[in-house]
Amino acid sequence: AMDGAPLPSSPAGLSAYVAVSQLLGLTLLATTGAWLGRYRGGVAWHSPLQFNTHPLCMVLGMVFLQGDAILVYRVFRHEAKRSTKALHALLHGLALVIALVGIIAVFESHQTKGIPNMYSLHSWCGMATFVLYLLQWLLGCGFFLFPGASFLLRERYKPQHVFFGIALFILSITSCLLGITEMLLFKISDSYSHFVPEGILANTLGVLLVAFGLVVGYVLTREEWKRQPLVEELALSMDFKTLTEGESPGDGSQ
């Protein structure tokens with residue numbers, strides 16, 4: 001803060017909702033682990049249990065870490081914009097790496113067991129989401145993290161980046177829900193309708209995924225919780241845009 005003044009506090013309610021989102025996120029990870037450990041034999045790589053790496057990685061990467069990456073601009077409101085951007089990109093990149101491990105696991109598991117790939121709605125939605133997510137990350141780094149892109153290009157691309165960020169988060173949760181249902185129908189189709197414990201636990205995981213998505217979505221859509229540019233960021237943006245494009249900037253909040 002300038003002149004030793006304390007940093008402004010977060011808007012009322014934001015910290016509580018962020019805390020709830022993290023509690024839900026950790027709970028859904030624990031529930032995924034409990035389901036795979038208690039009913040599916042656990043997780044291992046070069047073994048018949050390799051497939052179980054897939055749901056664990058997808059929940060961790062494409063849901064929990066992606067959700068946290070989206071929340072970065074709400075949580076780190078008073079830090080330098082470039083540092084916040086770097087953390088945003090880093091979390092998304094980590095989510096991509098973990099998701100890639102999950103995809104490799106399911107393809108190798110199917111090959112070992114002689115199961116066809118890419119025939120189900122879950123696999124179509126999941127693969128499309130991953131490919132679009134990778135493209136979104138690459139474009140985001142190119143436009144916003146690395147120098148070179150003009151303010152005009154950034155401003156034109158920003159609405160698309162925001163929209164597809166939210167859309168891909170929704171698609172990720174949807175793909176996980178499809179995967180949970182598919183796995184239950186494959187593994188316990190004869191007993192699923194009898195409210196067996198495994199089915200109830202997996203359904204609970206689905207509800208937690210939806211709840212996590214709703215809380216993250218609520219935080220994102222509260223207009224007063226958006227990160228506002230710092231005074232020094234506005235001054236820097238104005239100087240840079242004036243030099244490069246000869247006009248005043250319209251750098252809005254994220």
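Quick reminder: no glycine exception, Cβ is built from N, Cα and C everywhere.
Look at TrEMBL and you will find 12-36 (among others) tagged as transmembrane segment.
The annotation domain 'Cytochrome b561' is assigned in TrEMBL to 20-221.
Taken from TrEMBL, the feature transmembrane segment applies to 56-76 (among others).
Annotated transmembrane segment per TrEMBL: 88-107 (among others), in sequence order.
Taken from TrEMBL, the feature transmembrane segment covers 127-149 (among others). With a threshold of 8 Å between CB atoms, the same-chain residues lying at least 6 positions outside the transmembrane segment (127-149) that come near it are 62, 66, 85-86, 89, 92-93, 95-96, 99-100, 103, 118, 157-158, 161, 164-165, 168, 171-172, 175.
The transmembrane segment feature in TrEMBL is assigned to 161-180 (among others). Beyond the transmembrane segment (161-180), the same-chain residues lying 6 or more positions past its ends with a Cβ under 8 Å from any Cβ of the stretch are 55, 58-59, 62-63, 66-67, 70, 120-122, 125-126, 128-129, 132-133, 136, 139-140, 143-144, 202-203, 205-206, 209-210, 212-213, 216-217, 220, 254.
The transmembrane segment feature in TrEMBL is assigned to 200-220 (among others).
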